[in-house]
Amino acid sequence: MGTRKSKAPPPAQARASMKKDLPEQFRDYRHVWVFMELERGHVHPVSFELLGEGRRLADQLGVQLAGIILGPPGDSTLHAAAEAFAYGADLVYLVEEPLLTDYRNEPFANALTDLVITHKPEILLLGATTLGRDLAGSVATTLLTGLTADCTGLDVDEDGSLAATRPTFGGSLLCTIYTLNCRPQMATVRPRVMRMPQRSNKPIGRVIRHDWRMLEEDIVTKVVGFLSDDRSGNANLAYADVVVAGGLGLSNAENLLLIKDLALTIGGDYGCSRPLVQKGWMPADRQIGQTGKTIRPKLYIAAGISGAVQHRVGVEGADLIVAINTDPHAPIFDFAHVGVVTDAVSFLPALTEAFTRRLAPANRLRLVN
Amino acid sequence: MHIVVCIKQVPDSAQIRVHPVTNTIMRQGVPTIINPYDLFALEQALQVRDHHGGEVTVLTMGPPMAEESLRKALTYGADRAILLTDRHFAGSDTLATSFALSQAIAKIGNSFGSPDIVFTGKQTIDGDTAQVGPGIAKRLDLVQLTYVAKVTSIDLRTRAITVERRSEGGTHVLKSELPCLITMLEGSNAIRRGSLDDALRAARSEIVKWNAVEAGIEDITKCGLRGSPTVVKRVFAPTPREQKAVQIDTVEKAVQDVANELVTSIFAHQPALEHELSSTRSVSR
Amino acid sequence: MTEERFDAIVVGAGMSGNAAAYTMASRGLKVLQLERGEYPGSKNVQGAILYANMLETIIPDFRDDAPLERHLVEQRFWVTDDTSHTGMHYRSDDFNEPAPNRYTIIRAQFDKWFSRKVRAAGAIVLCETTVTELALDAAGKVIGVHTDRAGSVIHADVVVLAEGVNGLLGTRARFRKVPKPEAVALAVKEMHFLPEEVINERFGLPGDQGCVIEAAGTISRGMAGLGFLYTNKESISLGIGCLVSHFAATLESPYALLDAFKNHPSIRPLLAGSEIKEYAAHLIPEGGFKAIPQLFGDGWVVVGDAAQLNNAVHREGSNLAMTSGRIAGEAIAAIKSRKHPMTSDNLSLYKAMLDKSFVLKDLRKYKDMPALLHTNSRNFFTTYPQLMSQAAQNFVRVDGTPKIEKERATTAALIKARSRWGLVSDAVRLALAWR
Ligand SMILES: Cc1cc2nc3c(=O)[nH]c(=O)nc-3n(C[C@H](O)[C@H](O)[C@H](O)COP(=O)(O)OP(=O)(O)OC[C@H]3O[C@@H](n4cnc5c(N)ncnc54)[C@H](O)[C@@H]3O)c2cc1C
Ligand SMILES: Cc1cc2nc3c(=O)[nH]c(=O)nc-3n(C[C@H](O)[C@H](O)[C@H](O)COP(=O)(O)OP(=O)(O)OC[C@H]3O[C@@H](n4cnc5c(N)ncnc54)[C@H](O)[C@@H]3O)c2cc1C
Ligand SMILES: Nc1ncnc2c1ncn2[C@@H]1O[C@H](COP(=O)(O)O)[C@@H](O)[C@H]1O
């Protein structure tokens, strides 16, 4: 989308030379950190996307990129460390503590704050997930520093300050935000907004273990259960390669079957625009857009979706956007690559059929399971 | 039980327009609403009050006209409304906002009883940061429970609270203690319609207005623009995509032919995809 | 709490309701105003032009803080055929006076402002509260209202029905009949947003000056109707309305009509590049004097559009609404100060005062107009406009035809289209209706 392609903003005029004005106590804050989100043994892919961005920023600044791992002692943290290097980190800070098994705000915020105060990064990036946003807000408030949420573009400007660009007013505009006079400069980025970098086979490098303690008795909140959403396989819309979505143009809940059928046929996942969630036709985690998921599939097919800006910001990263809409002036045709002006309800079955035939030989395999 | 709910008056972003030349927001005629997520917080708060007794105080920081939103909250059944309004608050980022709100909540605690729960919405639709809730919690040293879908139980005797919290890929059941701060997710608890008595009471209520000093804020430099570490340097419109969609011609063609043509076009754009789709595919439902 | 009693309940927070509530509250009456919209003005549709004088009578210093868009310095009347318009423009610097006479407004904002004044005057205003039914006692006297909120009847000495053109409560209580389709027009309207500078430049309007275009002719496809374009600060209100009876007879769609109007070659360039937001449809009472229902009864009065007080010929509505609301308020306050009961007899004071005002005088003047336009619409809205355009084109096009022949052709076309007798009779009837 536009932001990422845009050049670094012009040098700030009003409060120029921000970096030079930095208060004494922040002058030695250096390096770029990426918080590696680890839950139930898995690294959230947004962490890799952030390492890709972090690498670029660190190179521009001529500093090092560190992966930050907080977790219980064991294989999962080691595995996470290995992945951090594979995705570009120069070093890893590791806090290993049994208390850090399940995410809870108190120990995580405490540990991360402690780590920042000790090792002084100038930039700290986190995923804008439920975990990342929960953590970032606490840490930034404790450190009394700036935090820019849901960035869509990160850059370093001429005097070395972080220029964080994010949508504002529902995506109709973008704004570039700086953190003045405080360190670290913190930002969160939603999953799938940034491109997934290439994984390399770099060996594990320098791992710095940070000694941190807290007593379970001092932690008020206890995790007493976890209900996984994963009922059948892994319904992870944000990371699907092919997504088919329906909007109000489908007129009723039954027609959603057409979307699901097509998705099933081409092995993709399905989603919808917000009004369908509001009508209760689909669960909230299937919503795509500003207040739903950001997706970045290789192919996105939108049927009966007008393409409002709040929807647009969630799908612009797709490689190929196909829009089916009866209205030739629908805004979705402004950012789709291929369009068909037709009634989606009668067209979708034909499209499913067309895909089925085209992919036929291999399809026999799929019918087995 | 005393519950404080933070609500914000926001422009109805569905109706926002951007000036095509200057790239500024055209505010003319854009109505304001209570941030939709905050209504879920308010409804949850009212349900807790109805069940356990006590009072609900709504708090907002904003311009004088934000009074409208507070009055509406009273119509829904809140017991008390406080408007934090002062020129010094202008230009606040999330750090400065959470500072001002936390000071006001402390003052509310002193004046009307210490809050057992502070509710906020998950996020606002204009700021959209989800940072103010955690910020308030930290400043007031409250336990923070974010993205809460449901308050499952509260035991006033043991001061225990159980909630369901959304997280990536599932729902955590958390057990914690009062006092705490909860940020509420959108959900099924649509805001209630107040009774005629509530509406009449709301129309007659005096909305308490506090400036910075009245809210007990001593250090004005922590407020507004001065108290905000972040600054917006540039506002600009997204670059439009140069090319519009290539349209598949549908005139006088059978539906199936158009569909076949579309599939051909898709694979012409994405040759690698055809191979991927034809081979192993796991289907998610 | 619902046991309490109000001096007056006003149903509706439009122009007439606000005027009535303000007038009574500022005279010390205990007033409750109920509005079904989310906020005052949220449901209201109007062009909209505000006639300053009638508001001034109620709130003399309204210009200090009312949300006014532009004051009008120019009026254009257009007669259109499919490709052209013949027009009359009137523009005068005299309208740049210290207290201008007409303004464009946006109702959503204006009504909110008016409502704040009503509150400040001491009335209690409840929004998102629909009055579902009038409460009557055994003798048929109105004693209060039922609402859609949980709670019992709210009592008042008098109920002011300011519920707008649909007038459901009055109809349900059999105080009035459902207006006939030929007595209401359906208007559709869009807001086109454009930067202020573009509007200023396109219409030649410096500063806050504004312009109005009113267009009749083939755009209404033979129906009795009118298109309008009003300049606001950063937007243009564009709409068209026709009699409901004509929509029913022709099966024309209001949307298509508006679309065609938008794309008329004389209108399209004025809107170029605009962003459309807000689409609205609303009824306008057009029945005139003869359609006015009973205006008062035991414990109730009716004001504004609900009383069909609308001057279709001059497209005045809000000013009649405001004035009737004010007069009803004054009458009720007067009866109250004499400590008299709100009986039908006493409330007839409202009608007596209204008779003396411009409201009923103007409507009486045009009492035959609605019927004329209803029955003769094809001539007035298609045939004559086409002829006028042809004549105008004939006049300005220079092609070597002798002028005398051109004149003859014009006259012949006129007579061919409408017999000599028909022309004369239309002219006479129009003149009579206008008289
Ligand atoms: C704060 C906020 C956040 C929001 N967040 C999101 C978000 O995250 N995601 C999101 O999607 N929206 C979001 N929205 C809503 C967004 O503004 C739009 O209202 C929404 O995207 C419109 O959904 P739609 O395209 O399905 O419906 P519509 O806008 O009603 O469009 C339906 C489309 O279907 C077409 N159509 C009709 N019939 C047919 C047919 N038979 N065949 C083919 N096409 C047909 C129509 O031409 C039209 O273009 C948000 C809004 C706000 C205010
Ligand atoms: C397209 C259009 C353009 C116009 N242009 C002009 C113009 O330029 N100048 C002009 O002077 N006039 C114009 N008019 C006419 C003008 O809008 C009306 O005459 C005027 O608004 C009438 O005011 P009112 O108070 O009687 O009714 P309204 O303004 O319609 O107000 C009625 C109110 O009552 C409320 N209500 C209804 N029923 C209930 C209930 N049961 N319980 C609670 N509340 C209820 C409604 O929500 C509404 O707010 C125009 C009208 C239209 C449709
Ligand atoms: N100015 C404000 N006044 C009161 N509450 C606010 C304000 N700003 C934010 N909040 C609360 O904080 C939540 C998160 O806001 P945000 O961080 O802006 O997304 C909102 O849902 C509100 O409950």
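If you go along the chain as it appears here, the first residue is 1 and each next one adds 1.
Every residue gets a Cβ built from N, Cα and C, even glycine.
Features reported for this protein in TrEMBL:
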BINDING   A:273-274, A:287-291, A:304-311, A:N325  FAD binding site
DOMAIN    A:32-223  domain 'Electron transfer flavoprotein alpha/beta-subunit N-terminal'
REGION    A:1-20  region 'Disordered'
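Positions of the features from TrEMBL, shown on the structure.
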residue : record           : DSSP class
A:S273  : FAD binding site : coil
A:Q287  : FAD binding site : strand
A:I305  : FAD binding site : coil
A:H311  : FAD binding site : helix
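Proximity of the binding-site residues (A:S273, A:I305, A:V309) to ligand 1: a Cβ under 6 Å from the molecule is found for A:S273, A:I305.
Under a cutoff of 8 A between CB atoms, and with a sequence separation of 6+ in the same chain, the neighbours of A:G289 (FAD binding site) are A:S273, A:R274, A:Q310, A:H311, A:R312, A:V313, A:G314, A:V315. Shown in sequence order, A:A245, A:G246, A:G247, A:L248, A:G249, A:S273, A:H311, A:A323, A:N325, A:I332 are the residues of the chain, 6+ apart in sequence, with a C-beta less than 8 angstroms from the C-beta of A:I305 (FAD binding site). Residues near A:V309 (FAD binding site) in space but far in sequence (CB under 8 A, at least 6 apart, same chain), listed by position: A:G170, A:G171, A:S172, A:Q290, A:P331. Neighbours of A:H311 (FAD binding site), defined as other CB atoms within 10 A of its CB across all chains, total 27. In sequence order, A:A323, A:N325, A:A330, A:P331, A:I332, A:F333, A:D334, A:F335, A:A336 are the residues of the chain that are 6 or more apart from A:G307 (FAD binding site) and have a CB within less than 8 Å of its CB.
Residue with the densest Cβ environment among the binding-site residues A:S273, A:Q287, A:T291: A:S273, by other Cβ atoms within 10 Å.
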